[in-house]
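Quick notes on the structure that follows.
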């Protein structure tokens, strides 16, 4: 009967309808009647889909676990896995078996043709056996198959289904692989690693306060853009050995990021030059698109174990300010600027750490290797300014207008705001570096005297072996220089920097960038004017886990003809725990009257090669006027790459993010046992009316620097309530903390932080109503970042009771990322203290999953690789691009900007 719902009955009727369509299609010439042929082919395809769908259900019930595995479908694009896939495969198999070939796939068609014939033959056999079972063992409206297991026909059907299932699976893999590009096993594993990177990035973002757990639990669509952007940053500078390791061959990089390899390498080099604060600003910008502001103070948790999140083994920051005055003087008597009159080499060294740090630089000059090593111990008793001086090598250019290559000069140019080219500053290229002519014997004599006096002063020298080289095997951004070097021809031999091909765009290969731990010396010829320079460094060390060193260096060269000056500052990372500061002062006067003076400051580390490489890459920042410009450029590049993935690998990204959301969602809360009815003696305490609502600051509640708090009737309920849509808010703060605005008294919320004990002093000014124009109370509390509580209280008179009602206490115990985080969101309730009643935003509708909507919910068109799914933000339905082309703001959900909505919702929302 036609209304029989059993599997065998449904198969019987579907097979009869398919046979009728196939017979009609064979009864006429399709070329004579193309319209009729096209219509019948469409009906044939639909009939094949129905027959194979019912056959699959029968195989699931009869074969069970004996079905052929189809794990290879994980390599298929999502667009291929549709309900009509089986029908397309059957149609393709019949075409191949009939002698047709896939366009531009003749070779693959010839390989698949025997398998296609076997598939069609096996399918015909299965259809015949199933028709027999329909007539013999069908039970009307039965939910399961009731076949006689002792019947030979049943056993034959079972074996035929197994053969067909195996052949059809093999043909599916070959046919789909020939029609579309499928992932290889290696690519599939790479994308799994990228999925792991996404998950670790999300966990890190939740930990440092960039994202909130509520967004993950609610499957916030904005995370589909934020997570890939943050993953690019994390994969380049934090999880360096992960899938975004650009040092590995291009074949080992996923196809998702392989087209952007060169761009990613440049981005990696720039990201490594950022400080922890700047990196946090960039990540915050990638999440919120808010304005960049680097002028705010950071509140950092000293106990945070995320030092590897920005730059591994980096806890010190050296701020270097360099002032250079260069001149050329023909008068030898004026070149002496040091106070020391003797010709002896003097060293003043103080011990700051028990660890010794040795640096050397080697150089081949006329087949002779010259080296000078310095090993200083610095005292830990002196934290104030110390003179520092060390003589290593001085590279003087023939034209002083081109500048001198001296330590840290490339760093001084990183953040300079002038438009002057490098040659007009004080970085010289290899071709511009030249020395006066001098004999090798003279150089060796100077070096021997220097080394002898170094040994006499108790300073050790190290052999310049390759094993002790501070350069990395894979990344050598600098070339060390020997002390007081020269050649007979007056030329300096060039060493090419060993860098990746992609790094050559930064012009680092043509710049001789000096190690921060190296120093400068001078080499004069007998027939040229003597050149001297003097450096003075002042260091101040503040003892903290994230200590900041400041240094000022000045070099003066007296001249009648040339004079140049440059000033800049840079932040150079150093290593805590293994770092030691080296200060030395040396004056050298050879017997011939050549005079050279130099003082330098070096920040050395036990494992400084990696830090030096990171610092040298900072030369890429030289093309950016300000740090904001650098962060903006990085934002554009990172967002461009991440957003391009949304187009090129939309299905893969959706699958990855779905897995990430499932993994990182909060576990469901256990059901609480039913509470016992309260007895007369144990009456429930009446709740405080103010505890029924959680007030959040709105735009009118947050006091900005431009507002006048004199007649304001609003109050700030918590210092951590900051509206994210306030245009005055800027992206500032630190990992684990969110920004707290600082404005002028008496309405300021001031924060101070001390690393070490990590004590935060919070000053909150509360402005009360009732016509009072002055702040009632400012209370300071010292709290720990690990257990933060911000309390606003009032001890005034008239408004004491009112303000006590609005007393709120927010605690973030055990969560470093909770302190100061902005909790306001588009869906959070707003403060209702104004005279006008405010409506709380509604919760947005839950999106219908893609798998539950095979067709457009408006026009009922099936989705294809070209007809994509789109969700309406108002009703959550799934529509095609035509039916969801409208956009409108949805203020009831807190969405003030226009978002995608379907046509019906657009008419309804705009009409209302």
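Glycine is no exception: its Cβ is also placed from the backbone N, Cα and C atoms.
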* **Which range of 209-246, 247-284, 285-322, 323-360 is region 'Disordered', per Swiss-Prot** => 323-360
* Would you list, in sequence order, the residues of this chain other than 872, 875, 902, 905 that have their CB within 8 A of the centroid of the site's CB atoms, where the site is the one recorded for Zn(2+) 2? => 873, 874, 876, 877, 879, 884, 901, 903, 904, 906
* Across all protein chains in the structure, which of the binding-site residues 875, 905 has the highest Cβ count within 10 Å? -> 905
* Chain-internal residues, separated by at least six, CB under 8 A from residue 902 (Zn(2+) 2 binding site) -> 857, 858, 872, 874, 875, 877, 879, 883, 884, 886
* Please spell out the DSSP helix, strand and coil residue counts for the zinc finger (850-910). => 14 helix, 18 strand, 29 coil
